[in-house]
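Everything below concerns the one structure shown next.
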Amino acid sequence: MCDMGGLDNLIANTAYLQARKSSEGDAKELQKRRKSLSLPPPDVSRNEVKETITLDYQSICVEQPIGQRLFKDFLATVPEYKLAEDFLEEVKEWELEEGSAKEQLMEKLVSRRFKEPAEGSLNFLGKDLSSRIQQAQSKDMPELILLAKDSGNAFLMDAPFQDFQNSPFYDRFLQWKAFERQPINQKYFYEFRILGKGGFGEVCAIQVKNTGQMYACKKLDKKRLKKKNGEKMALLEKEILEKVHSPFIVSLAYAYETKTHLCLVMSLMNGGDLKFHIYNVGDKGVEIKRVIFYSAQICCGILHLHSLKIVYRDMKPENVLLDDHGNCRLSDLGLAVKVKEGKAITQRAGTNGYMAPEILTDEDYSYPVDWFAMGCSIFEMIAAYTPFRDPKEKTSKEELKRKTLEDEVVFPLPTFTEEAKDICRLFLAKKPQNRLGSRTNDDDPRKHAFFKSINFQRLEAGMVDPPFVPDPSVVYAKDISDIADFSEVKGIEFDDKDAKLFKRFSTGAVPISWQKEIIDTGLFDELNDPSREVTGGGNSGEKSGVCSIL
């Protein structure tokens, strides 16, 4: 007999893998669509968005990819400004280098920029700093280069930024901002196979029609949200995701609504979650060099959340996803919460086996709970079970709580290195004030010997090769037949209060993620080409003040 479930899964996987491949190059349909696109006229853009933009240098010229690109293009037109920008790029290259190569780069930088005859005058340094640099010994030079870097950045924030705002490059930035703000709905995407399900809906793979970019779409059922009082939680997750911009946390690209769902469009992580790799790929557990690499990236992600006054509350391998290259990101911020000044967190949240003692005893808690869960996750990556469960038989909820509160962690496997044992013990301290990451205000887990092989500056710059690269021909997700269907929710009606919340949720494209997509897929260069011709069609019937870009 024909296995229809297996056939459905094969068809879904084939379409999904084909879409992933096609996103790497322009198919005929994609080319046709892109030829119909054009930026709105400068006068329209200026009138629409100029008054709504905060003239903040960091936001426009550093954080927003299109703003950064256009600002660099502007700097290239003024020799003095270009000199400052080139110098800062050289300093950045020096900061990220290692060992003897770093020493050589410093010598080259000093010789080129500070010794007579220098290649252009760095006027922004000022007489005092210039004099100190000229008289400095080699051992003092790194500190002085960083001071020169600060002076260079301060210079670009002043006259160059003001001049940029009066240039055609800024007008072009406003055109892109107008494009960015057009309404988004489900017609802008192709939808592919379901990747998983959660408490309020499903996650499926989608593709932006006019760029080919692949994403994961978390579709939250409106009726199910209302029935379970989850509407505010969905809005909070969306608002937190908007604030987060880290290579170690999934990025939110779009937020929109359909008649039945609230949709969060986020980074598509094709490599599967760490739980899958621990239990389903090869021998159980993950080799130690991968554990160190993933743990380093996870630490960076958690520290980024904490810097924004956000407690994650659901750190576990299942919520850590791998991308095509083998880098990992934190996902599912549905339980994340913003810490309010002077207000304690008391609500119990998390997953059994990863919850800290202070959550289990219903005490006030804060950031240290994430570090406890981090310790559980490192242990699980190595041992293929969590530290307070019995690996050979099922542990009851009550026994798990007792062990978490009373038992010290033990390491029965030889795969635990001494550094791994130590970092687990420190993360799993019963009292939050004794826990690694929380002992003092500047207690940084990245300084632990467990991470001695990691250069975190290079890691954060994406310059460290992952120790494992997922197979691009494999779908790291359950068969669609294994993903249970939801039953229909009946008897739920929406009112004006619901409509207002849905509207707050549905804000369209998220600037940084959207701009990165436009640059990465080549659409930025294509639409900025002055010789480019625009043809009609390719808009799928959407009506907008400008041609649809998404």
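Backbone N, Cα and C atoms are what each Cβ position is placed from, and that goes for glycine too.
Taken from Swiss-Prot, the feature region 'Disordered' applies to 22-45 (among others).
Among the features that Swiss-Prot reports, phosphoserine is placed at S36 (among others). Under the DSSP three-state reduction, S36 (phosphoserine) is assigned to coil, being neither helix nor strand.
According to Swiss-Prot, the feature domain 'Protein kinase' maps to 189-451, an assignment based on sequence analysis. When pLDDT is averaged over the domain 'Protein kinase' (189-451), the result is 93.
Other Cβ atoms within 10 Å of the Cβ of D314 (active site, proton acceptor) number 22 in total over all chains. According to DSSP, D314 (active site, proton acceptor) is assigned to coil rather than to any helix or strand. Sequence annotations record features per position, and here Swiss-Prot assigns active site, proton acceptor to D314 based on sequence analysis.
Among the features that Swiss-Prot reports, domain 'AGC-kinase C-terminal' is placed at 452-517, with the record citing sequence analysis.
Marked as phosphoserine by Swiss-Prot: S487 (among others).
Residues annotated as region 'Disordered' in Swiss-Prot: 531-550 (among others).
What Swiss-Prot records for C547 is cysteine methyl ester, and it gives sequence analysis as the kind of evidence.
What Swiss-Prot records for C547 is S-geranylgeranyl cysteine.
Cβ neighbour count for S36 (phosphoserine): 15 (other Cβ atoms within 10 Å of its Cβ, all protein chains included). Cα separation, D314 (active site, proton acceptor) to S36 (phosphoserine), rounded: 44 Å.
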